[in-house]
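Q: For reference, the structure I am asking about is given below.
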Amino acid sequence: MHKLVLIRHGESTWNLENRFTGWTDVDLTPTGIEQAKNAGRLLKAEGYEFDLAYTSVLKRATRTLWHCLDEMDRTWLPVEHSWRLNERHYGALQGLNKADMAKQYGDAQVLVWRRSYDTPPPALETTDPRSERGDLRYAGLQAGEVPLTECLKDTVARVLPYWNESIAPAIRSGKRVLIAAHGNSIRALVKYLDNISDQDIVGLNIPNGIPLVYELDADLKPLRHYYLGDAEAAAKAAAAVASQGKA
């Protein structure tokens, strides 16, 4: 049996301000830092060890991973960064307040933008200063690979090749893997692992900073999954994420 641990980054400054974040590179709040440290303490207390970690190229995830590993005294672990683990791109919504958008467009429309599988938000213009095209961290990508908006289906399409080509082979070889990523890149992985339908994925919310453990068989099919720590607290945190897009 293999174990895989997924952690959504701790609370970010734009989580606190209830803004759509996407690929915008915002930092952790003090609460987010403490969430990341607590995840590390929890993993250490439960006896978890890792051989390899993966994260995105956005600082809220990379710093979550660092704080987590620091608490475990494992900052020396090899870490692989990939843009494919970035948060879903929220297009022209990036930087805008979710509740304000719900007041303007209605809760139902914002829910579609936030949680539907195949409906992206309005795209950024290529000339919009919020666009990441031209950002040095994406210099090795083709222009079309740096999105102007994404739906979850698009996020799945970039996450799964990375899973199949890098992460899954590492797990099969016996590596104990930790992934620190984002709400929607984790939703993309969970959708794939648990074979969640396009309709049911709308109801899945990932809380900040709580380790999600998957026990996988030899074919990397899930045997079970669970959040470490207080299950009721994890459920409340997920419910709080769900309510962010309401007026």
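Backbone N, Cα and C atoms are what each Cβ position is placed from, and that goes for glycine too.
Pulled from Swiss-Prot, these are the listed features:
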type     : residues                                           : note
ACT_SITE : HIS9                                               : active site, tele-phosphohistidine intermediate
ACT_SITE : GLU87                                              : active site, proton donor/acceptor
BINDING  : 8-15, 21-22, ARG60, 87-90, LYS98, 114-115, 183-184 : substrate binding site
SITE     : HIS182                                             : site 'Transition state stabilizer'
Q: Sort LYS98 (substrate binding site) into helix, strand or coil using the DSSP assignment.
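A: For LYS98 (substrate binding site) - judged by DSSP and reduced to three states - the answer is helix.
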Q: If you run the three-state DSSP split on GLY22 (substrate binding site), which class comes out?
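A: Looking at the DSSP assignment, GLY22 (substrate binding site) belongs to neither helix nor strand, so coil.
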Q: Closest of the recorded positions to the residue listed as 'active site, tele-phosphohistidine intermediate', Cα to Cα, picking from GLY22, GLU87, ARG88, HIS182?
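A: Among GLY22, GLU87, ARG88, HIS182, HIS182.
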Q: Radius 10 Å, atoms counted are CB only; among the recorded positions LYS98, HIS182, which position scores highest?
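A: The most densely surrounded of these recorded positions is HIS182.
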Q: Checking the binding-site residues ARG8, TRP14, GLY22, ARG88, LYS98, which are within 10 Å of HIS182 (site 'Transition state stabilizer') at the Cα level?
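A: Among ARG8, TRP14, GLY22, ARG88, LYS98, the ones whose Cα sits within 10 Å of that of HIS182 (site 'Transition state stabilizer') are ARG8, GLY22, ARG88.
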Q: According to DSSP, folded down to helix, strand and coil, what is GLY183 (substrate binding site)?
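A: Looking at the DSSP assignment, GLY183 (substrate binding site) belongs to a helix.
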Q: For a quick check of packing: other C-beta atoms within 10 Å of the C-beta of GLY22 (substrate binding site), how many?
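A: For GLY22 (substrate binding site), the 10 Å Cβ neighbour count is 27.
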Q: How many other Cβ atoms sit within 10 Å of the Cβ of the residue listed as 'active site, proton donor/acceptor'?
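A: A 10 Å sphere around the Cβ of the residue listed as 'active site, proton donor/acceptor' contains 26 other Cβ atoms.
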Q: Per DSSP, to which secondary structure element type does TRP14 (substrate binding site) belong, with helix, strand and coil as the options?
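A: TRP14 (substrate binding site) sits in a helix per DSSP.
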Q: Given GLU87 (active site, proton donor/acceptor) and GLY22 (substrate binding site), what distance in Å do their CA atoms have, once rounded to a whole number?
A: 5
